[in-house]
Amino acid sequence: MERANESSLMSFILLGFSDNPRLESALFVLVLFFYILTLVGNFAIIIISYVDPLLHTPMYFFLSNLSLLDLCFTTSLAPQTLVNLRGPEKTITYGGCVVQLYISLALGSTECILLAVMALDRYIAVCKPLHYVAIMNPQLCQQLASLSWLSGLSNSLIHATFTLQLPLCGNHRLNHFICEVPALLKLACVDTTVNELVLFVVSILFLLIPPALILISYGFISQAVLRIKSAEARHKAFSTCSSHLTVVIIFYGTIIYMYLQPGNSYAQDQGKFISLFYTMVTPTLNPIIYTLRNKDMKVALKTLLSKKLCSL
């Protein structure tokens, strides 16, 4: 108990990229740039989906949830990262680390489930178009979105709490730029085999099962699209689904690399760059992919901008 109390009062030193000051300066500019893009892009999707009646559909309802997730996820990490990259102080309080861990883990887990829900929506839209409105009714959409958020919150409460119970014995030099479970496990002064096993099981539940279901659903979607006689309708279906599939590959690919590789093959510096990509870059790519490859979203954006310009 004494050890746990000792570790609960301390601050963490986030080593991050401190061994390369020039790299830190470049990363500060990049993180700031991508953070601003994330804010602008995801806010734009939320606003457009809300104000345009034509976008009041299940697909854009889930897309708005994804944008809100990305906004909150990046905001939970980017400000602290920018402070540590810019200034000489590389510390974060224990409380700040706990809050960051709980929030980022909850939001990241929620996105894993939400992307699978979005694939289900596309499957029903393409494979069962005549029943789509009846099946994907507002009540079911709300329930699926709530399930995604609650599953992420539950995972965070259980997994983060289990990790934070480990005694650190005064070791407070975190070789990362954020408070993340794999990095925190390396600080523990006790055997972490059970924690690593729990991490592996949770990773399977959130990082293997959802993408497997997504790939299965897109297998059925591909078969259904190929049966469509209209070339224009086929192109629209492929364009919409390929946007979602691109986001899925980028998101799951980077996180699976981080959480499911063998512990002895973990390259610390490489892991930090991968974390930087999925925490700062991926939330920026989502709105770009969906707006540039989605005709309805582009039309709605142009209409909104033209109205604003005419009112000036």
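Just so you know, glycine gets a Cβ as well, placed from its N, Cα and C.
According to TrEMBL, the feature transmembrane segment maps to 27-51 (among others).
According to TrEMBL, the feature domain 'G-protein coupled receptors family 1 profile' maps to 41-290.
Residues annotated as transmembrane segment in TrEMBL: 57-78 (among others).
The transmembrane segment annotation in TrEMBL covers 99-120 (among others).
What TrEMBL records for 197-221 (among others) is transmembrane segment.
Feature annotation from TrEMBL assigns transmembrane segment to 242-260 (among others).
Residues or ranges marked as transmembrane segment by TrEMBL: 272-292 (among others). Counting residues 6+ beyond its ends, the transmembrane segment (272-292) has Cβ neighbours under 8 Å at 16-17, 27, 30-31, 34-35, 37-38, 41-42, 44-45, 63, 66-67, 70-71, 73-74, 77-78, 81, 104, 176-178, 180, 243, 246-247, 250-251, 254-255, 257-258, 298, 301 in the same chain.
Between the transmembrane segment (27-51) and the stretches 57-78, 99-120, 242-260, the greatest number of Cβ pairs separated by less than 8 Å involves 57-78.
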